[in-house]
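Undergrad: Sharing a structure with you now.
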Amino acid sequence: MSPAAHAGRIVPAAARVAGLFPSHFSSRHHSSTVAAAADVATTTPQAGAAAAPHPPKMSGPEVRQAFLSFFQGRGHTKLPSSSLVPEDPTVLLTIAGMLQFKPVFLGQAPRKVARATTSQKCVRTNDIDNVGATARHHTFFEMLGNFSFGDYFKKEAIMWAWELSTVVYGLPPERVWVSVYEEDEEALALWRDVVGVDPSRIRKMGAADNFWASGPTGPCGPCSELHHDFTPVELYYDFHPERGTGPEVTLEDDSRFIEFYNLVFMELNRDAAGTLTPLAAKNIDTGMGLERMAQILQGVPNNYETDLIFPIVAKAAELAGLDYAAAPPAAQTALKVIGDHVRAVVYLLSDGVLPSNVGRGYVLRRLLRRVIMKGRLLGIQGEFTPAVAQVAIALSGDCDPAVAGNAGRIIAEMAREEALFSATLSKGQKQLDDMLARALAAGSSSSSDGGSSSSGPVLAGADAFLLYDSFGFPLELTRELAEAAGVALDDPGFEAAMAAQRARSSASREAVDLTADGGLSQLAAALPAGTSFEGYGASDLVLAGCRVVGLLQDGAPVQEVAGQGVAVDVVLDRTPFYAESGGQVADSGYLRGSSSSSSEASSSSSSSSSSDLLLEVSDVQKGAGGRLFVHSGMLQQGSLRVGQELTAEVDTSLRRRIRAHHTATHLLQSALKQVLGPDTCQQGSLVEAGRLRFDFNLSRPMTQEEISFVEALVNGWVADASPTTTAVMGLKEARAAGAVAMFGEKYEDTVRVVEVPGVSMELCGGTHVSNTAEIGSFKVVSESGVASGVRRIEAVAGQAAVEYLQLLDGVVRQLAGSLRVKLEDVPGRVAALQDELKAASKQLADVKAQVAVAKAGALASQAVPGPGGVGRVLVEELPGLDGKALQEAAVSLLAQLGDPAAVLLASRGEGEAAGKVSFVAALSPQVVKGGLQAGKLVGAVAKVCGGGGGGKPGLAQAGGKDASQLPQALQLAKDTIMGASF
C-alpha cells in the first residue's frame, strides 16, 4: 500500500483514545480474534491448506492481545513487562524479552510459573543509524514472548507458533517460511512432517544464524551465562511469493522476507572442553516483534506506518508543515526517526531515566537530541517535543499504563532538555564557525588523525565528530554548512573518530550475558534455598550455628583456607549480615569459630578453641541472582573449611548508625513530597554509617527556606517518637495501601513494607530503627544538582549528626577567636572583611593598570614599520602583568601608535600561574578593514603555547599553558601581521 493510501487510514491519537478506530481496527474484530485464539482446535492446520492471499487487518493493540490471550489459553501466566532499567548489571537497558527470566534460566532462582507470556518493552541503540533508513530497525520496540521453564519443549512450541501465525493472525501458510539450524533434524522433521510446511520453504542455516551461545560455557538460553546452547527456529513472511521457492531464494532478502518470530530451544550445556551435553530441564524462549507483525497484518510498507508509530510521525509532519506521503525521502526518514525515538524517550523517562552524560542518561539524551535536530532540519521552529510526546503518551496505555500517570513529568523533562539543547546548538554553531575560520585561514589541512591532505581548506574529521557527539550536529548538516563556506570535510577522519567512540561504547552491551560465575553457580545448586537472612532485629546481630557452605578465592571454589592476611569469600547458610542492596551498604563485623573439625568443635567447650578462628568481614554482596550472601573478608587467625559452623557477629555500632540513616531517608522523602509536591520521587539513594544521600527530581535548586522546612518536618517526626512497623504482604496489596517503591528496585510478589504511621510507607528490605526517637537528630549537609532535573541532598542523622554539629561548632569558635568577635558576630565580621578585600583588590588592579600603561609608553619607541612600510607594528613580551593590565597596556600603545597599527603583547604568569602565558592583540580600524582580525590572530598565537582564545576583530585576549613556547608564538605573531595588508 502506498504512503498516500495509508495516510488516509491512520487516525489521530486523540481519536483512537476516544475509541474511534477505523472499521478494520474495530473492537468487534478484536473480540473475534481473541475468541479464535481461545477456541481454536488443538489439531494444527496443515501448511498446504488453502488460504486467502492476504491476512486480515488487525490493529497493534489487537496483535498484542491476541498473542497474550492465545498463550494464556494454553496454560501460560501473563506477566507484566519489566522496567527498561534492568536489575541485571551486565546490560545498560532492557534489550530482550527474556531478560527478566535470566535468573530462572541460570538456575539462580526457582521458577514461579512453569509457563509465562509477556509483552516486553525494549530499547536497543546498536543500530541507531539504521532507524528510519530501513523498514524495521527501531530503538524502542515491544517483544511478544512465550516461555517454558522446564515444561513443554520443541514440539509444542513449533505447533503453537504455526497455529498462532496461520489461524489467529491468519497468515497464508504458503507465505510463511521457516529456518532451522542445520543439525537440528528434530525441528526439521516437526516443521515438515507434523506441521506440514513444504520443504521448499524450509531453509537449513548455520550456527552464525541459527545457533546462539553468548558465552563459552554453561547452560543455554537467549543469553548464556551458564552457557546453554540453543537452536533458534525463525519464521519469515514472504511479501513476494510470485518469485518462487527455488534453492536460489535466500531469507536474507529484506525486500522479500521479514523475520517475525524466533523460537529458541535451550537444550544443551557446553563444558570448558567444548563438550555439548543435553540439559536435564529444557527451556523455551521465543520472541515476536509486535511492530513487525503489525506491519504484515496492516499491509503497510514499513513498521513506521503502522498504527503503533504513524500517529507520532503524522504529528511531527503536521508541525513541520509537511504532507508525509508527498515529502521527499530524506524528510520521510527524518519523520520516522522522530516517531521511533520519541517512543523510546517517553518510556525511558517514565521508567525513571533522566538525561545525563553517562550510562542510560546518555542514551536518553542522545535520542532526544536526535529528535530535536531532525525537527530543526525539517524546519520546525520553537519547542515541539512535548507535542509529539503527547501523541506517544496517548498510544501507551496498552503497553504501559504507568506512562500516562507520569505524563506531566515526561513532558516537563522533554521541554527542559529541548531548551537546554537549543542553547547548546547555538554554541555548536559558534564552534563550527570558528572551525571553518581556522580551516580557511590555514588554506589546506589534513585530518587530525593523519588523513590525506587536500589542496583546499578541510574541516578535520575530529572537529566534525566533536560537533556530532557533543553538540548533536548531524554530519550532513556540518557538511552542508562547510561546503557553503568553501571547506571540504575530512570523511576518513570523521569515520575514525566514530569508530573509536563505538569501541568505547561497546561496554554498554547490546546482548544479554548468561555466562554465570562458575563458583557461585555451583554453590547455588548446593544451597537451593539460598542464604537465610536473620539479622533484622537489634538482638539478632550475633548468630551462632552459621554453616559454611562455600569458600571462594579469586572466584574459584576451595575447600579450606588458612594463613593470616588471606582474603576469602564465605557463603553461609544463614547470616545476620545485611548484604548491600536497595541503596544500603553492607554490614561489617566478624566470623568466629574453632579451627578444629566440626565434630571436635561441637564436643569442645574450651574458650580457646571457640576463638581459634577469626575472620574480619569488610563487605557482603548478593550473588547467584540474590540467593547467596557472599561475605568478603580477611582471615586474621586460624583456618576455615567448608562445613564448619561459625558465630557471625555484626558490628552493632555501625549497624545502629546505618539504621538511623535509612529510616531518616524515608522521613526525608516524605518531607520533600510535602514541601515540593507529591510528584517528587526518588532517583537514587545511598545509606551508610556516616551519611545518607538522596537524589530526587527537581529542575531548580531548593531555597534555604525549603531546606529548613524539610529539616523541621523530619526532626519533628523524630521527636514524635513514633514506632516503625514492618509487615510482609503481597505486592498488589502493598501498592493498594499506598506503599512507595524505591527507584530502580525490582520486587517479588511478596514484599516487606516499612511504615512510620501517618508519615511514611515504603517497600523496603533494609534495616531500620524501631522508633523514630532512635534517630536523635537530622541535619542537611548540602543540596546540589547532579544531572538535568535531578537534585541531591546529603544529610546526617543520629551520632553522625552530633559529630557534624560538633565540627561546625569548632570551626565557628575558631573563627570567632581569630576575628576577636562573639560567635553571633562572625558572619558580619566576615562580610566586612570581604568588602575590605574587594576594595583593596580594586585599588591594586588600578595601580597595576597604571604601571602597565607606564611600561607601555616606554615600548612605543620599539614599534617597527608595518607591511610595505605602512603603519606601525609592535610584538613584545611585557613581564609581570595580568590579563587586565596587559589589555590596558595594549590599548594605550595602540592609541600612541595611531592608525594603521597592530599590537600584540604577551606576559608570563607568576606564582600559581607560573608556566602559563597571557596574550592580548589590539588592531586599529584600518588594519581590521584590511582583513586581519584580533580574535583569529591571538587564537592562533596562543595555540602554539597549548592554549586558545578569541574576541572582537579589534581587541582580543588568549592564554597558553606552555610559556616555554613563547618565543615561537611571538615569531608567529610577527610573521602573521607582516604578511597582512594594512
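Think of each number as a place in line: the chain as shown, counted from 1.
Heads up, the Cβ atoms here are built off N, Cα and C, so glycines get one too.
Nobody curates TrEMBL annotations by hand; they come from automatic prediction.
In case it's useful when we look at the structure, here is the feature table from TrEMBL:
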type	residues	note
DOMAIN	58-807	domain 'Alanyl-transfer RNA synthetases family profile'
REGION	589-610	region 'Disordered'
COMPBIAS	594-610	compositional bias 'Low complexity'
BINDING	His662, His666, Cys764, His768	Zn(2+) binding site
Undergrad: What are the non-local neighbours of His768 (Zn(2+) binding site), defined as same-chain residues 6+ apart in sequence with CB under 8 A from its CB?
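TA: Residues satisfying the criterion: Arg659, His662, Thr663, His666, Thr724, Thr726, Val754.
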Undergrad: Kindly state the mean pLDDT of the domain 'Alanyl-transfer RNA synthetases family profile' (58-807) in the predicted structure.
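TA: Reported value for the domain 'Alanyl-transfer RNA synthetases family profile' (58-807) is a mean pLDDT of 84.
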Undergrad: Beyond His662, His666, Cys764, His768, what residues of that chain have CB atoms within 8 A of the centre of the Zn(2+) site's CB atoms?
TA: Arg659, Thr663, Thr665, Val687, Thr724, Val754, Glu762, Gly766, Thr767
Undergrad: Count the other Cβ atoms sitting within 10 Å of the Cβ of His662 (Zn(2+) binding site), across every protein chain shown.
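TA: Taking all protein chains shown, His662 (Zn(2+) binding site) has 26 Cβ neighbours within 10 Å.
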